[in-house]
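> Sequence annotations record features per position, and here TrEMBL assigns transmembrane segment to 28-46, 174-192, 207-229, 359-378, 398-414, 421-440, 446-467, 479-501, 507-530.
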């Protein structure tokens with residue numbers, strides 16, 4: 001690993017600044033490992049909501065909702081009263097809402113300001129939330145505010161690490177899968193500190209303060225050094241590069257051919273050639289070499305019917321004449337004009353809107369929103385449905401934390417099946433979980449916990465792999481952020497569902513509604529999969 005300081009131009013709005021940055025040259029595996037470790041310590045630990053509930057109980061969050069007799073005694077990992085249980089469940093929806101509603105803004109933040117700024121903003125917000133939780137007897141408004149910051153920090157931390165796929169060519173899906181595993185393992189962080197807090201019997205608020213100083217401050221400095229100001233340019237496969245080099249070599253060889261061999265003495269095209277090149281110079285060949293961002297067609301000039309040029313500048317020295325009708329020349333010129341007028345090198349609002357309007361994105365985006373709503377509702381209500389079985393709660397706790405094992409094996413499916421097929425497969429587990437959840441038995445709790453983790457493991461990795469494998473990488477943050485924004489809006493509906501369960505106990509009706517919605521999406525996804533063209537990019 002080599003580290004050196006450089007000055008780079010960073011564009012923010014209409015201004016460009018030259019800022020100091022650390023230029024780190026290291027192997028892809030080392031960068032992948034560091035990103036992975038960062039996610040474990042500062043990732044979304046609240047994904048393991050069962051353990052997060054226990055920790056919030058230990059620091060007496062919403063204990064004021066209970067009566068004086070219920071508040072007597074030291075805090076434990078259990079709820080003091082039923083109102084506290086439902087208030088903490090709603091707090092989870094607030095966290096998820098802030099995670100997802102501002103997801104689009106965080107995506108733009110990554111696309112415009114770059115990974116370094118985005119990560120630093122995220123980890124500073126995360127530190128602020130822990131500092132608020134470390135204050136004893138903090139009021140409910142401060143708890144809600146810290147929860148909002150906690151949710152906002154999730155994407156600001158995760159998005160920069162997901163740019164890891166831009167550093168490799170053949171392991172894009174696997175790299176994203178590893179990041180998904182890191183996000184999942186973040187649930188182990190809250191589990192470890194919750195267990196340590198219970199084992200040591202230390203003051204919970206002081207323990208919270210020390211834990212954030214020990215774990216988060218070092219990650220802040222690592223992110224400051226490791227992440228670049230600007231997102232890296234995605235690598236292309238060596239095969240394409242070799243092909244381009246061969247094209248360049250061919251053009252250089254053709255440059256040495258005499259023009260007398262290419263055109264006849266009367267200036268007419270030879271009958272044996274459909275495409276005639278004339279009047280070369282070294283500068284023209286250099287200007288017309290094919291690369292990722294230029295095409296040989298852009299060097300075309302206009303000529304009269306008899307092959308004589310109408311008049312051209314010295315630096316335009318490549319002439320292409322085609323046998324056939326003039327109509328083909330007009331079509332070719334129109335194509336060239338189109339290529340020139342469209343700038344694909346920058347983030348473009350019109351193309352982004354085109355992606356949003358596509359059938360493929362509309363269907364899958366809606367499906368991801370339903371998944372977020374459904375999964376978090378089931379997770380928030382899990383303690384309500386099966387809280388009487390301590391072994392079921394412990395199983396759910398560990399399944400969430402170690403679901404990365406299933407995520408890792410699912411990563412191999414991406415080389416065999418297309419993304420939509422995997423979405424269809426994961427949706428079946430969602431339907432199964434609701435059918436089983438009609439029962440409140442212990443065995444039903446085991447099956448529900450297992451099926452929840454099965455489709456959640458696919459969901460939280462699949463959303464990123466699907467976007468990066470289907471759409472232009474320049475729009476990765478924006479497209480993922482759009483999904484997260486709509487999902488965040490749905491979290492307000494989740495709060496309503498929790499309130500309905502609290503007042504009327506109508507959870508079975510919600511299960512029925514989710515089964516119907518998932519069945520409709522199953523049909524839509526199958527239809528989309530049957531009509532999906534064999535392509536890497538959807539548009």
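In case you wondered, yes, glycine gets a Cβ from its N, Cα and C as well.
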> I'd like to know if the transmembrane segment (174-192) touches the transmembrane segment (359-378) in this structure, counting it as a touch only when three or more C-beta pairs sit under 8 Å and are separated by 6 or more positions.
no
> Rank 174-192, 207-229, 421-440, 479-501, 507-530 by Cβ pairs under 8 Å to the transmembrane segment (28-46) and hand me the top one.
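Result: 174-192.
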> Cβ pairs under 8 Å only, please: of the recorded stretches 174-192, 207-229, 421-440, 479-501, which one is richest in them relative to the transmembrane segment (507-530)?
421-440
